[in-house]
Amino acid sequence: MANYLASIFGTEADKVNCSFYYKIGACRHGDRCSRKHVKPSYSQTILLPNLYQNPAYDPKVKMNPSQLQNHFDAFYEDFWCEMCKFGEIEEVVVCDNNNDHLIGNVYARFKYEDSAQKACDALNSRWYAARPIYCELSPVTDFREACCRLNSGEGCVRGGFCNFIHRKNPSPELDRELELSTKKWLRLRGRDERSASRSPSPEPTRKRYA
């Protein structure tokens, strides 16, 4: 029985634990969900709910697609460089959804669990763009399961209101730039060492953390 319960944990067959929370780290029912949201005591992944304020969803802001991408690139670069201060990053995911439980959510998956814990502890006393930061450890380990598979293909009919993550991507130029600068930083500090203090982490063009 114990083996069976372990095998269905966090799946749709699990009638006790919420499969959406386990896969995505967020659920549209929130605290009203009839199933348990088991918060991890350790994880490689952190979640910062509603961190990215997408101007595309602000009716008072008028930006063309190029301006929207530049706005996002500035945020993404800033966030990536800030997370490098806590340890080696494996992945950053920003939600492009427009529903309450996913809008502006930002995830960072670190190589080591202690880096994620260090980031979580530090960020909960920080501010970004004049707003307090909220950070928690997330159960998400595989973003292939968390992200909408239709969004990158023929298109998801639910659009921004999909309950799976619609991933917002940085420009290819910024992606390459961050990859190269991070590789250089890792070479300087020694790739397999957990301390991020040996050499300065990559620096963003504009800083908005406090």
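Residue 1 is the first one shown; counting continues down the chain.
Glycine residues also receive a Cβ, built from the backbone N, Cα and C atoms like all the rest.
Just so you know, TrEMBL annotations are computer predictions that nobody has curated.
Annotated domain 'C3H1-type' per TrEMBL: 12-40, in sequence order. Long-range contacts of the domain 'C3H1-type' (12-40) within the same chain, counting only residues at least 6 positions beyond its ends with a Cβ under 8 Å from a Cβ of the stretch, are 47, 49, 99-102, 105, 107, 136-140, 145-146, 163-165.
Positions annotated as domain 'RRM' by TrEMBL: 44-140.
As annotated by TrEMBL, region 'Disordered' applies to 189-210.
Over the zinc finger (12-40), the average per-residue pLDDT in this prediction is 87. Residues or ranges marked as zinc finger by TrEMBL: 12-40.
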